Structure formats: structure tokens, C-alpha cells
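These features come from TrEMBL:
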COMPBIAS  1-18  compositional bias 'Basic and acidic residues'
COMPBIAS  26-41  compositional bias 'Basic and acidic residues'
COMPBIAS  42-60  compositional bias 'Acidic residues'
COMPBIAS  70-82  compositional bias 'Acidic residues'
COMPBIAS  89-114  compositional bias 'Acidic residues'
DOMAIN    145-400  domain 'BOP1 N-terminal'
REGION    1-143  region 'Disordered'
REPEAT    407-448  repeat 'WD'
């Protein structure tokens, strides 16, 4: 009875369980059918929306492959509704399942799960068959398959043929007809179009908004403290483990004891270092000594000279000096006298003690520990390779190298010379108070003016139609009419040299100079308040600068011949002026040389300083500017000559030290690349100085010739180049003017 009752109870319990399982299955089927109906309804709504979108005007963003955040709005709202419905349905299902799980339904649920897995497996098998073969070419560029019919290979190694590309019009019509075209993206790697799912569109929309791709990601998750601070006394640290935690190994201790016993018994022996003998070669080379290895800076002392045949006790007769030679030794200086005089002995027993042995050994010791020794590395360099590579003098011809003509007539030293622009005449001034005009080619003296004072400087007007000569002597500056031009030119010169209506000078200029007529020679005389030392014409021939070293701040003035006026420079003079120059190309640029510096001013801008050249010389004596106007040569009273490239730097480009005495004057040739310098040592140096138009190329300076011929009395006081020929005129203190030609 008990068995029957138990079986009956089991049947009664199984029946309600089977009913609950059947109810759960029916609810699942209803749920699946409801989901399918809802998804179909959503797709129909999306198609209607897309159809309404395609009826509008064509937009470029509707093509396949173009995505925008606005394209995902409608789909996202549908998916959110789906999520809410799913949550409610899932909640209902969970409640029903919880109620039904009170009974024992394990067998039925296992059967249902097995059937679902089989269906999924069957679907996955069928989906794998439908998937197109994937491209497996790896990182190979697709450009290699541009001209091929296939685009790569699948996993089995078969070629994947390219799909035929539609015409642009056909593809456009196809995209307009397809409502889901906005979801399609072209995969160039596999040559196929991929349609994005709703989940992928959600991810893209979130990424476009700058949010996390997955919706379940919480960017503001609470901080999780991974460390337990309850029992911690000190903060975390990266300190090394203390030695007290080290646990020694007992096995290693036994091994050490074993080795110690073996060493004590002599079973293990060590090689002892060999002891080197403490001996060395007395007359050996110090290069093998230990001192070289111990001391890195050790320098061996110089060796003594080994004895030769002269130090022999019985040398040959040819080594023994005669009495006359011994007497000549006594007349020599002690430094040049030989320290040992050989003698001849018959045997070793008759040789006396060397009298200088103690002195020489003492001197040797002093040399060893008192004389410092320095190691110097000798470099074998050919001295010729250190010289700059200059062109040959033959390639730089023509240049003056020999005296061709002499102009004699002055009785005192010729202090200054000046050439006329045509090159036919030359003017000279001397300390005898005479000014002479010479014909260059013949040496004939054309005209002579005699003054009461020594002539300091002469300068010919640079204009060819105004043959006027400016002569500076003492405090007077005289303009002379040379009477060399035509009648028309002479008439203009006479009108120019008349002082009928003089303009009123300001007080500053009137205190410096006065314009007076020259009654003796019919010219103009300008009387200054200090002695003149240098005059220079402007290239236009109307202005003339005069330098008075004793005038200090008023030491430089400019005279205008046409206006018969004198102007004081609006410049604060710093130092005693030596000489001045007008720039040959730029108007208004005025150069003043003081004893140590050369300054450049712009007279058009009220004497604004432009540049200051630092010569580094003790005292400047003369100055000359290149016809190009960018290079300047400065001579000094210490025999040095500085070449300045004014565009390059304010310091000398080259410093030439040629003359042993003071340089009296320097000058450039107007057309040839030549410049020269003369000095009180009675010589004149001629140089080749070529200035290139390329600013990246430095000027070429080559010494060419040393011109000698003047006597040592007074030296060479002035030098000037011929304006057209490569000739050089020199004025000497011996009252002779020389012409050097090529």
C-alpha cells in the first residue's frame, strides 16, 4: 500500500509540472510571434520614412558610404521604444518563469535548451555558407591588383574576382530606389558593400557625439579603493627590502665550510703572483720603465751626449787642437768656446781626475729636477702650404714696376702732388713755397707760382672744364686759375673767381674763415683761423672740404665755390681730425678720420652718424676710398694699413704690415684694380686690390711691387695714380717727383 500510494503521489506531482512546462512553452511561442510582428511593423514604418525621404530633392549625403549623425535619429528612437518594450516583456516573462520554477522542471527546460541550441547551430551553418569569401592578402597594397581581374585570394587560395562596376547613372538610380542605401558602406578591401545594423548605427551615432561607443559604459563610475587602510600604519613605499628579512641558506653554508676545509688541507691551491726583480738597466731606454706606466704625464729627461773619439785618452792626432787653435779658443765668447779640449795620454794610469766631474753632475741634477719639461707634438707641415694661394704677378699685369721719368725743379721736399682729370698735367707743391704744373709725358715745367709759406697740399678740381687748382699753405687756401682751358672755360673761371657780391656769412662761419681776393695771382683766398693740413674736392667740383687739426670741434669746414660761402658741419667732433673724404657715389655721405677712428656721416640728415670704423691703430695718417665706394684703405704712423669692407663689418677685413716706418699716404686707381702706399722709409708699395660684384666673394689683395729710387732723406711724402694709365707718381723728400710705369 505504501508503494502504490507513493507512486500515485509522484504521478500527481508530475502532472502539474508538465502543465507548467507546457504553459511556459506556449508563452515563449507567443512572445516570439509578438516580437516578429513588432519588428515587421517597425521595418514597414522605416520604409515609409525612407520613401518619404527619397521623394525629396537629391542630396549628396544620401549616397552609399556617407554617414551623418542626423541619419541615425529615426532609427535610434525606434530602438529605444524596442528597448522599453523588451524590458516590460522580459520582466513579465521573468515573473512567470519565477512562478513556474517553484516546481521541478529541470528535465523539460533541458530539452527546450537543447532544441534551441540545435536551431542556432543550424542557422550558423547556413549563414557560414552564404558568407562571401574573405580576402586574405594581408598588408599587400591594393594598388598591385589595379590592373588584375581579381582582388586577392580567399582562405583556400582561390582568386577572388572583382565585381563588375556599374555605371554612375545606374548606381545613382539604384541608390535612389533602395531605401536602406544610407546604411551601406563600400569595403574596398573585399570589394563588397556592407550594410550596417542598428547596433552599429547606434555605436556610430554615439561616437559622433563624442560619447562612449557602448551604452552600458558608465563614465562616472564610483571610485574603487583597492587598498585596505584599516591596518596600515605607514603609506606605501618603494623602499628596498631590509637586510633583516634575509634568510641565509644552510646548503650554501655547508658548501663554504667544505671549501674552507679543502683549502686548509691543501687540496685547493692558488697561483701566487710572480715577484718581479727590482733591477733595471742603468743605460737602458726609459720608455720601458715603470714610471711611464705609473705616471701618465711622465716625460723622460733628455739623454746625455755619449762620449766620442775626442773623449778618448789616446785620440787621433786630427782631434788634438794645435796651439793656434787653443789661442783662438781664448778669444771666443764663453758660450761659443768648446767645453772639452781633447788631450793625449800614454796609458790609463796617467789619466788624472776629471776636474769638472762634480760641477757637471751637479748641473745635471739641477736640470733634472728644476727644469720643467713639456711634451710638444710636432706636426710635419710644409711651410709653403700655409701661405695663401695667390695668383701669379704675371697674370695681374699691368702695374707700375720701373721708374720712367723724373720731374726736377723744386728746391725743397715735395709735400703734395695732384693729377689733372685728363692725365696730361700734374701739379706739385713744395716746402720751398712753389707750386708747379708739369707735363706728364715730357717732364716740362709749364707754370710756377711762388708763395711766401711752405705749401702743405694741392688739389686739382675734378671737373674737366674747370682747370682750377686749390693750394693750402699755412692758414690760407688759394684757388688758382691754371689758364689751361679754352677761351670759354677761361671766361667762366674768371667770372667764378671774382668776389663782387659776397653773401653774408653767419657768425660761426665768419669766425672760422674769410673770403678775400688774391691780388697777386688774381684768384680767391680763404683765410682760416688755424693752419690747414688737408683739402679734398667733392666729385661734382663745387664743394671743397678743409681740415684744421688745431681747430678741434671746428676743425672741418666745407667751402662752396659757386656761392662763395663757408659752412660749418653740424657734427660734434670727437678727437682731432686728420683727413676727410666725400663718398664717390652717394651724395651727402661724408667720411672723417680722427687719430683712432673713422666715422661716416649723412649731411643730408643734419649730420646723422651712419657708421663708426674701429681701426685699432695708434694714429691714422691718411685715408683713401675705392671708386666703388664700399671699401676703404686707412694708413697709420706705425707702418700698418687697414682694408675696410664697410658693408661687411666695422672692423678691418685685412691688416697689412709692410712699411717699417710711418705711412704718409695711400691711394686707389680710378679704373685699374690697383692701390698703393708710400712711407718715410723711401719706398712705395703697389698692391692688386680687386673688388668683386658678388657680395659673397671677398676682395682679392695681392702685393705686387716695391718701388725704390728716392733717397733716404725725408722718404716718400705723397703718391698718386695716373687717372687713365697704370702709372704711379711719387713725391719724395729729396725734391724729386718720379713716374713709375709698367
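Residue numbers in this text run from 1 along the chain shown.
Including glycine, each Cβ sits where the backbone N, Cα and C put it.
Non-local neighbours of the repeat 'WD' (407-448) in the same chain are 454-460, 462-464, 467, 469, 471, 473, 480, 482-484, 714, 717-725, 729, 731-739; each lies 6+ residues outside the stretch with a CB under 8 Å from one of its CB atoms. Mean pLDDT for the domain 'BOP1 N-terminal' (145-400) in the predicted structure: 83. Broken down by DSSP into helix, strand and coil, the repeat 'WD' (407-448) contains 0 helix, 24 strand, 18 coil.
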